[in-house]
Amino acid sequence: MKFETTKNKLHGNAYYQAQFQDPIKFTTGSATPASYNQFIDALRERLTGGLIYGIPVLRDPSTVEKPNQYVTVELSYSDTVSIQLGIDLTNAYVVAYRAGSESFFFRNAPASASTYLFTGTQQYSLPFDGNYDDLEKWAHQSRQRISLGLEALRQGIKFLRSGASDDEEIARTLIVIIQMVAEAARFRYVSKLVVISLSNRAAFQPDPSMLSLENTWEPLSRAVQHTVQDTFPQNVTLINVRQERVVVSSLSHPSVSALALMLFVCNPLNATQSPLLIRSVVEQSKICSSHYEPTVRIGGRDGLCVDVSDNAYNNGNPIILWKCKDQLEVNQLWTLKSDKTIRSKGKCLTTYGYAPGNYVMIYDCSSAVAEATYWDIWDNGTIINPKSGLVLSAESSSMGGTLTVQKNDYRMRQGWRTGNDTSPFVTSIAGFFKLCMEAHGNSMWLDVCDITKEEQQWAVYPDGSIRPVQNTNNCLTCEEHKQGATIVMMGCSNAWASQRWVFKSDGTIYNLYDDMVMDVKSSDPSLKQIILWPYTGNANQMWATLF
């Protein structure tokens, strides 16, 4: 069913710039993994309004003028057959598409969409909204049963360009296009699955992880922007490929690196922000609430938890590492207060002094030296005492070892993750094109991704270590602290800086101490070498967790 909408005549430079900005183009006829990556990167760049905690974020709707609210994407089947999509840059939603001299708008498209998109065409309203619930109802198929891939995209472009009025097929086709364009722009996980599909020349269906990410984009964006001391005020629950729950409680959780674009929710008061978020925009934007004081566990070395020794709260009792208990118990629960104290049962995590090696204890907050009770939790998993510049460290590898403060060397023993689920995050790690990290004895290299292979399963611990599920006593380790050092498997017992990694929002796996990233040597997987190398942004340094 088609309904012609009202077409408005527009004037002004703002309209001209928005309407006639070149569309971002992707040609399916000669598509390669590289050309698809270039397309998605260009779309992400066009949609990005700034960075919050280093993660690209869309524009604040309150700062966007209506004529500048939309971007266009051109998808080509051939030199003569193509369609265009209209995308709302405040939420990355597809709101309309153009097929020749006609254009079609979702029923729930913003009122301004038909005013500023495809104005030289005959405009029609589709009989359904652009959300998955409505699209699946009209398609008579769920997303998980609709195949994605290059051929599905090509046939979808050809079908929409034909002008056929089969609403069921239109809805099904739009489900394909929305996921391969908009969702891929939002999530590295999705774009990586498409790249693997292009490499294999094989169709794929959305897995539980992909669907889970699509369904939780807004809650995950909200949680990141409301982060307090690296901790989400509310957990976000994802589903992995094995249909298991993955509880995400902190900004440093590796699954957060799947986010390539966030929905704008609010500006964190103290977040590191990009210059793109200019002062006048930030001043107009909504500021996140800062009243959250989450109560969480703190997981660290070897997956053990920060614990008040013997559950004794007398002043001076040491803080130790202990096995995380099956139930949430008070001596392993810590409230992250807005005054920068970290409290268990109302008493403060306190450093005995400001020299390396001083032990950390529980102490009455009102009688302790205030500066000894203050801590900052960074988004790389570091917990630092601002007065001394020293960091919380687990020097002993044994359960029951007393925590101390030490010089910040970004060692594995100095890595932490907050949240009530501090268990290791189990995932495959996809890298250069269609290949995944695979463990072999003391070595690691890339092979064709197969989530059923145990060699491709990795456990990412709260301390920042990456361990093969086959043997979690081994850690991915750079052999030397220098450019070109090979990354191998070594025992985790030393908890070195060479064994601590951060999954960054730019798609890299980053070593904090060396300020370098994992790199497929010479972009040649046949060499079977992953090395440490300065950041270049090239495809051989891009990784994604496939959990």
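Note: Cβ is positioned from N, Cα and C throughout, glycine not excepted.
Annotated features in Swiss-Prot:
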{"type": "SIGNAL", "residues": "1-20", "note": "signal peptide"}
{"type": "MOD_RES", "residues": "Q21", "note": "pyrrolidone carboxylic acid"}
{"type": "ACT_SITE", "residues": "E183", "note": "active site"}
{"type": "DOMAIN", "residues": "292-419", "note": "domain 'Ricin B-type lectin 1'"}
{"type": "REPEAT", "residues": "302-344", "note": "repeat '1-alpha'"}
{"type": "DISULFID", "residues": "C305-C324", "note": "disulfide bond"}
{"type": "REPEAT", "residues": "345-385", "note": "repeat '1-beta'"}
{"type": "DISULFID", "residues": "C348-C365", "note": "disulfide bond"}
{"type": "CARBOHYD", "residues": "N380", "note": "N-linked glycosylation site"}
{"type": "REPEAT", "residues": "388-420", "note": "repeat '1-gamma'"}
{"type": "CARBOHYD", "residues": "N420", "note": "N-linked glycosylation site"}
{"type": "DOMAIN", "residues": "422-546", "note": "domain 'Ricin B-type lectin 2'"}
{"type": "REPEAT", "residues": "433-468", "note": "repeat '2-alpha'"}
{"type": "DISULFID", "residues": "C436-C449", "note": "disulfide bond"}
{"type": "REPEAT", "residues": "472-511", "note": "repeat '2-beta'"}
{"type": "DISULFID", "residues": "C475-C492", "note": "disulfide bond"}
{"type": "REPEAT", "residues": "514-547", "note": "repeat '2-gamma'"}
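Taking Cβ pairs closer than 8 Å, the repeat '1-gamma' (388-420) reaches residues 229-232, 235, 247-250, 252-253, 294, 296-302, 304, 306, 309, 318-323, 328, 334, 336, 351, 354-360, 375, 377, 380-382, 462-465, 475, 492-493, 495-497, 499-500, 512-513 in its own chain, all 6 or more past its ends. Separation of the C-alpha atoms of Q21 (pyrrolidone carboxylic acid) and C436 (disulfide bond): 38 Å, rounded to the nearest whole number.
When the recorded positions Q21, N380, N420 are compared by the number of other C-beta atoms lying within 10 angstroms of their own C-beta, Q21 comes out lowest. N420 (N-linked glycosylation site) falls outside any helix or strand according to DSSP and counts as coil. With the fewest other C-beta atoms within 10 Å around its C-beta, C365 stands out among the disulfide-bonded residues C305, C365, C436, C449, C492. When the recorded positions C305, C324, C365, N380, N420, C492 are screened for a Cα within 10 A of the Cα of C449 (disulfide bond), none qualifies. In sequence order, R297, G299, G303, L304, C305, Q332, T422, S423 are the residues of the chain that are 6 or more apart from C324 (disulfide bond) and have a CB within less than 8 Å of its CB. Taking the disulfide-bonded residues C348, C475 in turn and counting surrounding C-beta atoms within 10 angstroms, the largest count is reached at C475. The CA atom of C492 (disulfide bond) is located 19 Å away from the CA atom of N380 (N-linked glycosylation site).
Taking the Cβ of E183 (active site) as centre and 10 Å as the limit, one finds 23 other Cβ atoms among all the protein chains shown. Under DSSP, the residues of the repeat '2-alpha' (433-468) split into helix, strand and coil as follows: 3 helix, 18 strand, 15 coil. Spatially, by CA atoms, the recorded positions E183, N380, N420, C436, C475 include one closest to C348 (disulfide bond), and that is N420.
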